[in-house]
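Feature annotation from Swiss-Prot assigns substrate binding site to Met55, Gly203. The ATP binding site annotation in Swiss-Prot covers Arg130, Ser176.
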Amino acid sequence: MPAKGVVDMTELSNLVAESLERLRRDKPLVQCLTNIVVANFTANVLLSAGAVPAMVDNPEESEGFASIADGVLVNTGTPYRETTEAMIAAARGAASSNTPWVLDPVGVGMSWRTRVVLDTLDVAAPAVIRANASEVLALAGTGASSRGPEAGDAVEDALASATQLVRHYGCVVAISGPVDHILDADRHVTVSSGHEWMTRVTGVGCSLGALTAAFAGIQNDHLIAAVSATAMLCVVAERAAERSAGPGAFAQALVDELFLVSPDEVGERGGLRDVTA
C-alpha cells in the first residue's frame, strides 16, 4: 500500500479482490470463540466465503488450538466464566504463535464484561478491533455503557476514540455503521456499500468479525484484511437484498451470495474511499 495520505483506490480494489481469491484458495482455519446466539450463522458465513470454522471455545483447548489456527475471533456477546477463560487462553496462544486475532467486544461498557475484555487485551494486542461506535467509545473509556449491536452512537463520534485505540494497541480498528470506517496508524478507509437489512438479522455483525479473522489469516496487511471482509459482506448484502422479500429470506440469500460473488465484484462494488487525513 502507498504511504500515509496516498491510498490508491484502484490498487486497494485490486488488493481486496486478490485477498478473496487467496482466501478461497488457502481456506484459512478460523477459531471462533463467539456468542451462543450467532455460532451457527457465523460458521455458515465462513464456510460459504471459503474459510474453515472451528468453534473451539473451552479453556482446555483454546490456547493450543489458537497456535495452529490461521486466525482467531474473540466475541464477547454472551460471556460465561469458562468461555472468558478460554478467550484469554486463545489470545495467549495466538500471541505465542503470531496468529492474528480479532476482538469483537460486544456489549463492552458493562462492568464485568469490560474487565474481561481488558484482561484479554492485557495478554495480547489484537490484529483488529471490530466494533460499533458505542463499543469503541466504551472500550476507549470515553463512552457510557453499551447496548451492544443496538447502540446508537454515530461512527463519526467514535473516530477520535478509535485513533486512541489504534495508538494504544498498535492494531486496526474497524467501526461498523451506515458507512464503515477502518483505520490504522497511517491510513483511513471507508466502505459505503451494504444494506439496511444487515441490522435486521441476528449475527451479521458478529459474522463480520469472523470474516475479518479469516482474511487476517491470509493477508498480512491487517487493514487490507478488514477492508476486504467488510467490503465482501456489504457487497453480498446488497446482492442478497436484491432477491429477497424480507430479512428472513435475506439471511439465507446472504450465505448463498458469499459463495457466489466474484472477487472482482467485491473489489469494484465495495464503495471504498480513502479519507486519510
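For all residues, glycine too, the Cβ spot is worked out from N, Cα and C.
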Protein Cβ atoms within 10 Å of Ser176 (ATP binding site), excluding its own: 28
Number of Cβ atoms other than its own within 10 Å, given for Met55 (substrate binding site): 14
Among Arg130, Gly203, the one of these binding-site residues whose Cβ has the fewest neighbouring Cβ atoms within 10 Å: Gly203
Cα-Cα distance linking Arg130 (ATP binding site) and Gly203 (substrate binding site), given in Å to the nearest integer: 14
DSSP-derived structure type at Met55 (substrate binding site), helix or strand or else coil: coil
Rounded distance in angstrom between the Cα atoms of Met55 (substrate binding site) and Arg130 (ATP binding site): 19
Where Arg130 (ATP binding site) sits in the secondary structure, as DSSP reduces it to three classes: strand
